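K.L.:
Per Swiss-Prot, signal peptide is recorded for 1-39. Residues or ranges marked as domain 'Peptidase S1' in Swiss-Prot (evidence: sequence analysis): 93-358. As annotated by Swiss-Prot, N-linked glycosylation site applies to Asn133, Asn279. What Swiss-Prot records for Cys138-Cys154, Cys240-Cys316, Cys273-Cys296, Cys306-Cys334 is disulfide bond, and it gives sequence analysis as the kind of evidence. The feature active site, charge relay system is assigned by Swiss-Prot to His153, Asp206, Thr310, with sequence analysis given as support.
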Amino acid sequence: MGRWCQTVARGQRPRTSAPSRAGALLLLLLLLRSAGCWGAGEAPGALSTADPADQSVQCVPKATCPSSRPRLLWQTPTTQTLPSTTMETQFPVSEGKVDPYRSCGFSYEQDPTLRDPEAVARRWPWMVSVRANGTHICAGTIIASQWVLTVAHCLIWRDVIYSVRVGSPWIDQMTQTASDVPVLQVIMHSRYRAQRFWSWVGQANDIGLLKLKQELKYSNYVRPICLPGTDYVLKDHSRCTVTGWGLSKADGMWPQFRTIQEKEVIILNNKECDNFYHNFTKIPTLVQIIKSQMMCAEDTHREKFCYELTGEPLVCSMEGTWYLVGLVSWGAGCQKSEAPPIYLQVSSYQHWIWDCLNGQALALPAPSRTLLLALPLPLSLLAAL
């Protein structure tokens with residue numbers, strides 16, 4: 001079993017017969033497997049706890065990566081300070097309940113009908129504004145208490161001071177729940193390419209990390225999102241959500257929104273998307289445009305919320321937990337709404353992210369309600385062994 005379900009029995013164990021002990025163990029394993037807890041890496045959407053094998057890709061240019069990869073620990077980020085100004089109620093861990101401050105991917109606003117800026121900020125507490133010299137340039141996503149994930153093409157500027165604004169739905173004003181945090185380190189993928197063919201077509205390895213100068217204080221408005229494992233599979237035609245502020249303007253149109261926007265999109269099959277872009281761009285069919293590290297999502301009405309170039313996160317919900325599955329990377333332009341935007345597929349870069357975090361633990365998804373309700377029986381079985 002994986003770390004998620006591992007238990008250690010200590011002290012003297014009462015003697016039991018071999019058949020009864022084997023039967024109890026078999027029942028325990030079946031219960032845990034049915035609860036989705038055979039191993040953290042095997043649960044759909046969970047981060048794998050297995051040590052990554054691929055060590056060929058390093059992070060550059062401003063970061064030193066460790067020679068060996070850290071294992072993911074069954075723990076939350078090192079800092080869990082709760083600000084009293086925004087934390088109204090603590091949620092103790094009990095049967096059927098999970099402390100949201102000790103897990104990732106938890107949204108503090110469960111009512112999707114609420115559209116006011118404060119409610120939207122609580123609904124997407126991992127959203128941050130990436131800023132250069134104090135001006136918003138892209139969206140970013142909190143993945144750990146000191147780390148923000150974004151796209152590499154937003155980090156190419158030299159001689160600028162990067163910072164992030166967290167906890168605020170507003171792009172141009174501070175609130176009581178918001179804070180500006182300076183960036184300590186900028187990390188870009190070593191194989192990032194601004195273009196593979198021409199102009200806007202086919203950015204490769206468009207991913208970057210920002211290490212903050214201080215750890216974030218989590219609240220209802222500031223929380224990390226969960227990362228998918230390498231075996232995460234998103235079914236075609238799944239419905240997910242894009243959130244962010246969008247472009248400042250495109251061809252004199254689409255003024256940037258002052259508050260966080262949200263848009264539901266439909267996941268497309270990569271092969272169909274690749275065929276579409278071959279017809280759209282006239283690139284020879286022998287050349288693969290949509291790589292396995294990319295993904296497509298259909299959104300045919302982008303005239304108002306244009307988000308193709310600014311790193312907006314693509315997030316999907318599974319059993320009440322939100323996962324970061326993609327980052328907006330490139331596209332044909334919002335005026336060509338029939339062309340689906342292309343996202344970087346986050347699960348393809350799990351190893352790279354592990355390397356660059358250099359041992360800082362990621363928050364893990366909270367155990368499902370099924371598991372919490374099933375645990376008393378396995379524990380009683382263990383006590384009988």
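Heads up, the Cβ atoms here are built off N, Cα and C, so glycines get one too.
The structure displayed is predicted, hence computed values, not measured ones.
So where do these features actually land, and what's packed around them?
P.N.:
In the predicted model, the domain 'Peptidase S1' (93-358) shows an average pLDDT of 85.
For Asn133 (N-linked glycosylation site), the Cβ neighbour count at a 10 Å cut-off comes to 11, with all displayed protein chains included. According to its DSSP assignment, Asn133 (N-linked glycosylation site) is coil.
In this view, Cys154 (disulfide bond) is surrounded by 22 other Cβ atoms within 10 Å of its Cβ, with every protein chain counted.
A simple way to gauge crowding: the CB of His153 (active site, charge relay system) has 21 other CB atoms within 10 angstroms, across all the protein chains here. Under DSSP, His153 (active site, charge relay system) is assigned to a helix (H, G or I) in the three-state scheme.
Listed in sequence order, the residues of the same chain lying 6 or more apart from Asp206 (active site, charge relay system) and placing their CB within less than 8 Å of its CB are Val151, Ala152, His153, His189, Tyr192, Leu327, Ser329, Trp330, Leu344.
Under the DSSP three-state reduction, Cys240 (disulfide bond) is assigned to strand.
All protein chains included, Cys296 (disulfide bond) registers 26 other Cβ atoms within 10 Å of its own Cβ.
Under a cutoff of 8 A between CB atoms, and with a sequence separation of 6+ in the same chain, Asn279 (N-linked glycosylation site) has no neighbours. In the three-state DSSP reading, Asn279 (N-linked glycosylation site) counts as helix.
The Cβ of Cys334 (disulfide bond) has 24 neighbouring Cβ atoms from other residues within 10 Å, across all protein chains displayed.
Of all Cβ atoms in the protein chains displayed, 23 besides its own lie within 10 Å of the Cβ of Thr310 (active site, charge relay system).
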K.L.:
Should Cys316 (disulfide bond) be counted as helix, strand, or coil on the basis of DSSP?
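P.N.:
In the DSSP reduction, Cys316 (disulfide bond) maps to strand.
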K.L.:
Which of the disulfide-bonded residues Cys240, Cys273, Cys306 has its Cα nearest to the Cα of Cys154 (disulfide bond)?
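P.N.:
Going through Cys240, Cys273, Cys306 one by one, the closest to Cys154 (disulfide bond) is Cys306.
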K.L.:
Can you grab the distance from Cys296 (disulfide bond) over to Cys138 (disulfide bond)? Cα atoms, rounded to a whole Å.
P.N.:
20
K.L.:
Sequence order is fine: just name those recorded positions in Asn133, Cys138, Cys240, Cys316 with a Cα within 10 angstroms of Thr310 (active site, charge relay system).
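P.N.:
Neighbours among recorded positions, in sequence order: Cys138.
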K.L.:
Please report the number of other Cβ atoms within 10 Å of the Cβ of Cys316 (disulfide bond).
P.N.:
20
